[in-house]
Structures are given as structure tokens and as C-alpha cells.
Ligand SMILES: Nc1nc2c(c(=O)[nH]1)N[C@H]1C(S)=C(S)[C@@H](COP(=O)(O)O)O[C@H]1N2
Ligand SMILES: [Mo]
């Protein structure tokens, strides 16, 4: 029996987690055999990726210094071992399970309202896109946060390549569907595959970024290899992992969490400390890997950059 002292930031996490209902159901099904789900190797480095990543030689990439942080970077071992990736399991400990994700071959479809639908292999896409490193904050809706050096490219570069038609208003993104590799996808009460969406104004905003690496290396599977969105002014669930499809549309996409629980999760999901989640406050956040709790900022500290996107949308549910 593993006995271990919880770090302080883990305790409220397990009580506050929005998905607790679902996890509890799963634990009941398992006869509580797991006991408390702990980060078995919290201090240890995660296992090496099971599959060699052919993009490794691209990293590290040059840091773009325009993106600064107000706090220290989260230690790599925490950001790469405390993860949400429901395709694999609904604990925060997905490192081992996620190594089953085959990251090559991997191709990305670009379709919908575009000049020319296409499918592009990830390594060809990486060769075309302007790679850089950016330091971003990340604020999970469950009230924990981290600060991470992502490598990747601005989403607007992919949008420019796709040439959306004039009527396109939204970008819909989809995660892989592979229930053999990702057992969470065998759980039929979830609306798989994971979907997220942005308006085109958001998708072409300078801060919207596609991460393909982190800490100067290719993304580990558990962080959403080989490519995932990072939209740091929004709650973390918007930052969809392991994307296989970008579709341009004139319909607002229905995202995964909204489909599951629209009363708690919406389309916009902008960070706002003054708008509580129906089940907990969003005023503060636990800083991953530390004992600190700090005040959450409007738009996660990116209000100067992004508030303008929402000035004509005040009747929308912008903060859930
Ligand atoms: N496909 C997919 N994307 C996902 C998730 C997920 O379960 N599946 N979880 C989201 C949530 S809730 C968060 S907080 C971030 C976590 O990213 P990280 O594990 O790299 O910290 O991924 C987001 N993207
Ligand atoms: Mo999250």
C-alpha cells in the first residue's frame, strides 16, 4: 500500500475538480481499488516517450522575448507529470498511459470553409511554420496554474496557410480518436472526440499559439504531442491536445466540456477571478509544484492584449 504525504496543492485539487462526478463513478466501478489517486512519482522525471520523436532535432528554438512572466517557470518535472488528458484516464497521472499514443505517422486535416482542403503530415507542417519559444501562464478551470516555455508557432500562421473563405467565422479543432490506444475513449458517457473552438478573431490573435514542444524539446505525449493549442487567457480546457483536424465553419463549435455540462463550461471560457464556477471560486489559483496560492487575474493577466476581442460581446457568457 502506497502511503505518501500529499503536497498541499493536490488536496484542494481533488476536492475541487469539476470532473469529480465522473471520476467518482469510475472509482466506484473499480471498487475503490485504487484508493486515492496519487502522483506516484511526483518527484521523479516521467518515463521517456515510448516512440522516438523525429522532430527532436528542431529544438530548442529561439525564444521570442515579447512574452514575459510575472512568476518563475514551473519546474519541468511538475508540468510534465501533472496533466489533464481524459483520453487516457481521468486522474492527473497520465504519463505512463499516454506513451501508448502513436505520434507518427501523424497528419493534420484542414477543411471546411477554406480555399483548398488539405491534409498535411506533421513533419511537413513543422518545416513550414515559424517556430519560436514563448513563456506563457496556464490557468486550469480547476484553480491550479503553471508557467511554461512552449515551443511552436502562432495559430495565425496556420490560418493564413489554410486561406479561410470570407464566410468562415470559427475554427473548430478536434483531437485524435483511437480507443485502443486511449482507453478513456472507451467510456461512452464522454462526447468523444475532444473538440474545441475559437472565433477567427481569437484564432488569429497574436497570443493564440500551437505548441509542438515544451522545455526545449518535442512535446511529451502527456502534454498533447505532437501539437496542441495554447490560449493562455482562457481556462486550460480550451487548450486542446493532440489535434488531428482544423475545420473552418460559420457555426459556433460545441466543445467537449460544454457538451458534457453546459451549465458549467461554455464556449468562451475566459479567465475571470470575479466569476465563480458554479461549484467553486475562481479568485485564486494554486501554483503547480509549490505551496503558493496566488490571486487569479482577469484574462489570466493578458487583459491588455485580449480585452478588445470582447468589447462588443458583453451579452455573451464570456467567463465560463
Ligand atoms: N484532448 C484533450 N485536450 C485537453 C484535455 C483533455 O483531457 N483532452 N484537458 C484540458 C485541460 S482541462 C487542461 S488544464 C490542459 C492541461 O494541459 P497539460 O496537461 O499540458 O498541463 O489540457 C487541456 N486539453
Ligand atoms: Mo483544466
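Glycine too: its Cβ is placed from the backbone N, Cα and C atoms.
The Mo-molybdopterin binding site annotation in TrEMBL covers 83, 86, 87, 140, 175, 223, 228, 239, 240, 241. Residue 83 (Mo-molybdopterin binding site) falls within neither a helix nor a strand when secondary structure is assigned with DSSP, and so counts as coil.
Here TrEMBL flags 104-257 as domain 'Oxidoreductase molybdopterin-binding'.
Once Cβ contacts within 10 Å are tallied over all protein chains shown, the binding-site residues 83, 175 are led by 175. On its own chain, residue 228 (Mo-molybdopterin binding site) has 210, 211, 219, 239, 240, 241, 242, 243 as residues at least 6 apart in sequence with a Cβ closer than 8 Å to its own Cβ.
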